[in-house]
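K.L.:
Dropping the structure in here first, questions after.
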Amino acid sequence: MAFAGKRLKGLIAATFTPMTSNSDINLAAIEQYVDYLVQKQHIRNIFVNGTTGEGMSLSVHERKSLAEEWVKQARGKMNDVIVHVGCLSLSDSKDLAAHAASCGADAISTVCPSFLKPSSLDALVLYLKEVASAAPNLPFYYYHIPRLTGITYQIYELLGKVKKNIPSFRGVKFSDVNLMDFSLCVSEYKEFDCLYGVDEQLLGALAFGAHGAVGSTYNYLGKKNGDMMAAFEEGNLQKARKIQCSLQEFLIFVFDMGWGLAEFKDIMSQVSGIPLGPSRLPLYSSMKFDHHDNIKTKMLKLDLI
């Protein structure tokens, strides 16, 4: 990915981290994973070591090993590998950012520490500037996910400040349902990539001008979401709405079961056939073997697979 000129767009899969049965990282599964995304889901961009990848539950050493393997296996097959480098420790985030640059990542992204939060928008900007400075030649994206971080500053206000302070800043992974804030980001800051991160509202974000989207469901529903985006771009709103509603119905089915990230990882294993292993504690999947047929039946009924 060139530092200037090229824009991130389209679907970006937020990858799960493959693990062994005892929750050690499983680098050997990544080659098969990349091939599945490219060949079956038509995905050409990935966001690694983020929320879906359980990045905050991994050690710095594990995250470096994963970044290296994702970059290695994606080379020649994918367009862009974005490495999430956010940590509770600023020094660890800078270490991961510098490592991402050295191993050939195409861009980096970070959340802000959420245990001891920034006391102001200016403090957040200073933090982001420090992280970005560790990899000044890599495009840098802020990861906004207030539901998990509790950091609720308006992003269109943030963009005005980072524009003046962080030369490598290229955009935001916007994982929030506030479409007014998102719309202002798109309309007021056209030089930045605004990537939407709430999968079940993607069509709404496209209507407001989203450049692309980062999400976990694009791992196993990437082709179907790609069909929706294509229908939208062609002006076939009826088809786009139909697909979005089917995707939403599937997610409602999953949420009504009380399931979350650990179970989504199980669904990815089931749909793809890739042994991704369990999630790392404190995440724990409550999915039972007899749920598998229910999931497949639901996806077939909704024409998702």
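A Cβ is built for glycine as well, from the same backbone N, Cα and C atoms used for every other residue.
Swiss-Prot lists these features:
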- Tyr143: active site, proton donor (ACT_SITE)
- Lys173: active site, schiff-base intermediate with substrate (ACT_SITE)
- Thr51, Thr52, Ser175, Gly197, Asp199, Glu200, Ser216: aceneuramate binding site (BINDING)
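Surface or core, plus neighbours and distances: that's what I need for these features.
P.N.:
In the three-state DSSP scheme, Tyr143 (active site, proton donor) is classed as strand.
Within the same chain, the residues at least 6 positions away from Lys173 (active site, schiff-base intermediate with substrate) whose Cβ sits under 8 Å from its Cβ are Phe47, Ser109, Tyr141, Tyr142, Tyr143, His144, Ile145, Leu195, Gly197, Val214, listed in sequence order.
Taking a C-beta cut-off of under 8 angstroms and a sequence separation of 6 or more, Thr51 (aceneuramate binding site) has the following same-chain neighbours: Ala14, Ile145, Leu148, Ser175, Ser216, Leu261.
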K.L.:
Excluding Thr51, Thr52, Ser175, Gly197, Asp199, Glu200, Ser216, which residues of the same chain place their Cβ within 8 Å of the centroid of the Cβ atoms of the recorded aceneuramate site?
P.N.:
Ala14, Val198, Val214, Gly215, Thr217
K.L.:
What kind of secondary structure is Glu200 (aceneuramate binding site) part of, going by DSSP in three states?
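P.N.:
Its secondary structure by DSSP: helix.
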K.L.:
Using a 10 Å radius around its CB, how many other CB atoms surround Ser216 (aceneuramate binding site)?
P.N.:
23
K.L.:
What are the non-local neighbours of Thr52 (aceneuramate binding site), defined as same-chain residues 6+ apart in sequence with CB under 8 A from its CB?
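P.N.:
Counting only residues 6 or more apart in sequence, the Cβ neighbours of Thr52 (aceneuramate binding site) under 8 Å are Ala14, Thr15, Phe16, Ser216, Asn219, Leu261, Phe264.
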